[in-house]
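Here is the structure we will look at, set down as structure tokens.
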């Protein structure tokens, strides 16, 4: 919420990357909201979160939609950063604000369509043979259809784009060294991007790999709910906690530079002082 408020209250949204950052914060907010909804259902009626119920379709679908939107936003940010760096390498394509808005719209449409398929009929309320044990009443084949391509997308595309950025920056540094020019700026940029890319990849790995492992386990096991209780459901809750922690990690990695954020919030609280300084 702090990220959304800060970016909407300032003029940062004219930048394409800022639109993606703000949309990522919206996705994280949806993930937190849907996770809280599921937690409240567990507190009030634990059995429906274990054995499945029609009441779980809507919160699980919203949760899936928000996770998919987050993944697509992370991939979009990685691609935008690559195109922004490659732009100065005399590429013809330049990312504009309209492109970012179109990407945000496409991401949400795709996330809502895939996430709401169980509400459209792809569920196992009346087909117990292929029902998911961990995420009833979702079907196992639906979870595989959603998890496998999107988790691979979350791992491979950001890793590739940030590696390409590091390679481009290193080539520029070597070129400047050959010309006898200073390379301190590029060295600093290369180090910062390398650290960010490793953090991004590790955060995605820690957050989504357990969920992916749970889906694989769900597809492989043929036991009933009672036989897996409570260990499998503790693992399921841990994966949900890791995904929620991703919602806190994303703003730290992408947007929340504490000094800059503090300065912006201070400027919003004291607009008159800023006018006096400007005058």
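Yeah, the Cβs are placed from backbone N, Cα and C, and that goes for glycine too.
The annotation domain 'G-protein coupled receptors family 1 profile' is assigned in TrEMBL to 1-254.
What TrEMBL lists as transmembrane segment is 17-40 (among others). Long-range contacts of the transmembrane segment (17-40) within its own chain (CB-CB distance under 8 A, at least 6 residues past either end) are made by residues 1, 3-4, 7-8, 49, 56, 59-60, 62-63, 65-67, 69-70, 73-74, 76-77, 80-81, 84, 97, 100-101, 103-104, 107, 240, 243-244, 246-247, 250-251, 254-255.
With a threshold of 8 Å between CB atoms, the same-chain residues lying at least 6 positions outside the transmembrane segment (60-79) that come near it are 17, 20-21, 23-24, 27-28, 30-31, 33-35, 37-38, 103-104, 107-108, 110-112, 114-116, 118-119, 135, 138, 146, 150-151, 153-154, 157-158, 161-162, 200, 204, 208, 243, 246-247, 250, 254. If you look up TrEMBL, you'll see 60-79 (among others) marked as transmembrane segment.
Marked as transmembrane segment by TrEMBL: 100-122 (among others).
Sequence annotations record features per position, and here TrEMBL assigns transmembrane segment to 142-167 (among others).
Tertiary neighbourhood of the transmembrane segment (200-220): same-chain residues 71, 74, 78, 132-135, 140, 143-144, 147-148, 151, 154-155, 158-159, 162, 232, 235-236, 238-239, 242-243, 245-246, 249-250, 253, selected by CB-CB distance under 8 Å and a gap of 6+ residues from either end. What TrEMBL records for 200-220 (among others) is transmembrane segment.
The transmembrane segment feature in TrEMBL is assigned to 232-256 (among others).
Averaged over the domain 'G-protein coupled receptors family 1 profile' (1-254), the predicted model has a pLDDT of 79. Residues of the same chain lying 6 or more positions beyond the ends of the transmembrane segment (142-167) and with a Cβ under 8 Å from any Cβ of it are 64, 68, 71, 74-75, 78-79, 81-82, 85-86, 114-115, 117-118, 122-123, 132, 135, 190, 193-194, 196-197, 200-201, 204-205, 208-209, 211-212, 215, 218-219.
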